[in-house]
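Visitor: Straight out of Swiss-Prot:
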type: TRANSMEM; residues: 33-53; note: transmembrane segment
type: TRANSMEM; residues: 77-98; note: transmembrane segment
type: BINDING; residues: His83, His182; note: heme b b562 binding site
type: BINDING; residues: His97, His196; note: heme b b566 binding site
type: TRANSMEM; residues: 113-133; note: transmembrane segment
type: TRANSMEM; residues: 178-198; note: transmembrane segment
type: BINDING; residues: His201; note: ubiquinone binding site
type: TRANSMEM; residues: 226-246; note: transmembrane segment
type: TRANSMEM; residues: 288-308; note: transmembrane segment
type: TRANSMEM; residues: 320-340; note: transmembrane segment
type: TRANSMEM; residues: 347-367; note: transmembrane segment
Amino acid sequence: MTNIRKTHPLLKIINSSFVDLPAPSSLSSWWNFGSLLGVCLGVQILTGLFLAMHYTSDTATAFNSVTHICRDVNYGWLLRYLHANGASMFFICLYLHVGRGLYYGSYTYSETWNVGILLLFAVMATAFMGYVLPWGQMSFWGATVITNLLSAIPYIGTELVQWIWGGFSVDKATLTRFFAFHFLLPFIVAALVMVHLLFLHETGSNNPTGIPSDPDMIPFHPYYTIKDILGFLIMLTALSTLVLFSPDLLGDPDNYIPANPLNTPPHIKPEWYFLFAYAILRSIPNKLGGVLALVMSILILAIVPILHMSKQRSMMFRPLSQCLFWLLVAILFTLTWIGGQPVEHPYIIIGQTASVLYFLIILIFMPATSLMENYLLKW
């Protein structure tokens, strides 16, 4: 008799995705981050749901409702910090996942890659709107500064910003709609994840060598389910340690001050996971130019498949490209550091240099190095 998991209409979908899925035998721990992101999304939706039961999206009570959650709700402090630090863990896994894709050439699966870029934008939008909800100083001023960037769009900019605000400044209408979208977007993200997996399972997974692995496949369960569970345990241990020992490590102290439109914080900055893009934005003196650079810093991922010039897919056997890749990682760390610094010498010039190098490496140096490596292969 055939196993029910192979015949039942619902179970056979799960079976073909997580049990009998043929997977390359050589997948390293860098392939764990997809499942870790799934766990992060689950944790965020669950903690967010319980937080939404106690949160009020009104400018008069939002800040106090968050205080009430932390002080009066049973384990409310745990929910709040799991949600806030869960977002940080989400982005750590996201950036490592994208980095893995760049290093091992996974971007050649263009449909999966493009849906992944959409997912990245959706998660960034969700995180930005979530940061506004506690209605602290950095929430308010971060929302004001970032939404104001849209006013750089020619002709319709000002009207667009006022339409998003629901008035002439960030106020009650803005907070209410941001809460509505912050609640809705994770479910759209979950739907996009399904599409992401659908496209991935059409082609099968890439592997560290970048060589087709059709002759050497193993079932996903038990090999990679066990490996993923180990990943879950490590990540949840790290998250628990962060939440229980230093929950405010990655937050901004200014957000413990209630939002005040009459008092601007000395340094307005977003959460740490947006600092690299914020540094690129600040590096360009022109407003519209800065906004374009900000969008392009993420959107540039969409043209990476077109810029792939190498005869080899993965960087595993391409030492010159590896050097450039790690230089790019160092530049992203530099940009993240610069984004958190005040706009003064020498930070301005460091930020501008790092921003130019970021785009140069992706657009020119990497394709040129790939062509050079192709030439060296003939020797």
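Even glycines carry a Cβ here, placed using N, Cα and C.
Values in this document were obtained by computation on a predicted structure and should not be read as measured data.
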Visitor: State, in range form, which of 113-133, 178-198, 320-340, 347-367 has the highest count of Cβ pairs under 8 Å to the transmembrane segment (77-98).
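Guide: That would be 113-133.
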Visitor: Consider the binding-site residues His83, His97, His182 and say which one has the Cα lying nearest the Cα of the residue listed as 'ubiquinone binding site'.
Guide: His97
Visitor: Measure from the CA atom of His182 (heme b b562 binding site) to the CA atom of His97 (heme b b566 binding site) and give the result in Å, rounded to a whole number.
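Guide: With the alpha carbons as reference points, the distance is 23 Å.
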Visitor: Between the stretches 33-53, 113-133, 178-198, 288-308, 347-367, which wins on the count of C-beta pairs under 8 angstroms to the transmembrane segment (226-246)?
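Guide: Looking only at 33-53, 113-133, 178-198, 288-308, 347-367, the most contacts with the transmembrane segment (226-246) come from 33-53.
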Visitor: Short question: most Cβ pairs under 8 Å with the transmembrane segment (178-198), which of 33-53, 113-133, 288-308, 347-367?
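Guide: Ranking 33-53, 113-133, 288-308, 347-367 by Cβ pairs under 8 Å to the transmembrane segment (178-198) puts 113-133 first.
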Visitor: Helix, strand or coil by DSSP: which one applies to His201 (ubiquinone binding site)?
Guide: helix
Visitor: Between the binding-site residues His97, His182, His201, where is the Cβ count within 10 Å the lowest?
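Guide: Counting other Cβ atoms within 10 Å of each of the binding-site residues His97, His182, His201 gives the minimum at His201.
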